[in-house]
Amino acid sequence: MPHRSKNTAAIFNAFAHFLFLAVLVSLPVLVIRLDIDTLKTGASEGTLVEYMEQFLICLTILCYAYIAKHNPSFRRFGVLVMGFFLCMLIRELDMFFDELVFHGFWVYPASIVAASAIIYSLTDRAETANQFAAFVNHRNFALLCMGLVMLLVFSRLFGMGSLWREVLDEGYVRAAKNIAEEGTELMAYVTIFYASLRYAFAMKPVKDKAAHKANSNVFCKH
């Protein structure tokens, strides 16, 4: 009976996980529909899609902040990862900085964040390298990498104007191209956040030396 109960719980958890993922991947479509049908803005600057992307980056940063706080053995590389995503957030806020200061100002705060994160991580190069290796060996890295590739490569190729002009021919409208590109980007951010959330759940708050030692090896598990 205990064995059967354990199997039932495992099946239930898998089904619940499937439903959670179904809701998660439906989010980009829902947001785009709200942009089109409710906000009447399409998928361009200053839209709900863009705000959701920024929100997901913030959540991603919080995931690594949580890990860095509760796992000192990952702190240096954790700060480096946080700096990377914070630079992405600053880049997404370029229009805000353009209006507040001047065009292209986002480069300056992004450079400061990047330099600070790199300098801190280099205070102990060997430890940072060890943390980097453990990070990429973790089972969730493939999912995180897929999200980054979707964001930095696939969304750019899929959103090329020349591709959509060829597909739509005389019926080409820029809104269709924008929706395809922004929707793909949003799905990539969802994937990145989900992978980062899994990293965060893999960690447990360190309360003693034994727990600290156990957590320092958690990223090497497959």
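Residue 1 is the first one shown; counting continues down the chain.
A Cβ is built for glycine as well, from the same backbone N, Cα and C atoms used for every other residue.
For 12-31, 51-67, 74-93, 105-122, 143-164, 184-201, the entry in TrEMBL reads transmembrane segment.
Distant neighbours of the transmembrane segment (143-164): 172, 174, 176-178, 180-182, 184-185, 187-192, 194-196, 198-199; these residues of the same chain sit at least 6 beyond its ends, with a Cβ under 8 Å from one of its Cβ atoms.
The transmembrane segment (184-201) and the transmembrane segment (74-93) are not in contact, since fewer than 3 Cβ pairs between them lie under 8 Å (pairs 6 or more apart in sequence).
Beyond the ends of the transmembrane segment (51-67), by six or more residues, the same chain brings 27, 31, 74, 78, 81-82, 85-86, 88-89, 92-93, 185-186, 189-190, 192-193, 196-197, 199-200, 203 to within a C-beta distance below 8 angstroms of the stretch.
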